[in-house]
Amino acid sequence: METISEQACFGGVQGVYRHGSQTCDCDMTFGLFLPDEARDGPVPVLWFLSGLTCTHENAMTKAGAQAHAAAEGIALVFPDTSPRGAEVADADDFAMGQGASFYVNATQAPWSKQYRMWDYLAQELPDLLAAEVPLDMGRQAITGHSMGGHGALTLGMGLKGRFRSISAFAPMSNTTQSDWGVPQLSQYLGEDRTAWEAHDASLLMARDGFDGPVLIDQGTADQFLDKLRPEALARAIAERRQEATFRMQPGYDHSYFFVSSFMEDHVEFHAQALWA
Ligand SMILES: N[C@@H](CCC(=O)N[C@@H](CS)C(=O)NCC(=O)O)C(=O)O
């Protein structure tokens, strides 16, 4: 794990690190915020997965999460949104390829060689962090924005027992029925739609739900509402009778101004579960 930068931040340290990923077969960069308490021993961790076009950097610099994480004594991890590099397959469309992994293990060429973000986030990066950083891996929670909200919900429900709480900001909620989902899942996973089901938050919610609290925020003025399909997730939560808070926030769009407005609520929500 190579240090790119480390800077003092709200009494803790905001770092950026790079490592050679075997899973993605390329170098991967991530952000990590450690609160002051990490100097004395392991702290709980909140993962933040980002959306289309983002790297590890967008949420790290614009979501305003560090102040709240410092107040709660929890760490933040900001992974990248896909494998990266000149040798990594890509597409002209910003919603496909680099910056747009949809957090799956691709099975189709040319993506299958390196687009293994599910395994990267489920296994390789947690293993690396557990070995190198004072994190309490028994206390993990996950959140994300847009495509990262989709990742938070699908990994959160898919990796049973891993996370204590899940939240999402404007998540892609029903990828198997959306222009943000169908083209990508068919290219990454092929045309057999049964392989897509583990990557649709609403289908997973209706089928499995989550053994813990869920918090969703969605702006009513989000320019991508038709692609995000929050109504499908709300319906699944209600049908499942899932423990959840689902808020339609009046006037908010899809940007990080929306994300940062509700970040304190999300960090507090996760801190409650993490410290329970
Ligand atoms: N660039 C795209 C939108 C992409 C987009 O809104 N990405 C969101 C996540 S889905 C984001 O977080 N963008 C980066 C940022 O705001 O920093 C467009 O113009 O339609």
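Every residue gets a Cβ built from N, Cα and C, even glycine.
As recorded in TrEMBL:
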type     : residues : note
ACT_SITE : Ser146   : active site, charge relay system
ACT_SITE : Asp222   : active site, charge relay system
ACT_SITE : His254   : active site, charge relay system
* Asked: In angstrom units, rounded to an integer, how far apart are the Cα atoms of Asp222 (active site, charge relay system) and Ser146 (active site, charge relay system)?
  -> 11
* Structure fact -> One finds that other Cβ atoms within 10 Å of the Cβ of Ser146 (active site, charge relay system) number exactly 25
* Asked: Cα of His254 (active site, charge relay system) to Cα of Ser146 (active site, charge relay system): how many Å, rounded?
  -> 8
* **Local backbone state of Asp222 (active site, charge relay system), from DSSP in three classes** => coil
* Structure fact -> So His254 (active site, charge relay system), by the Cβ count within 10 Å over all chains shown, scores 21
* What count of other C-beta atoms do you get within 10 angstroms of the C-beta of Asp222 (active site, charge relay system), across all chains shown? -> 21
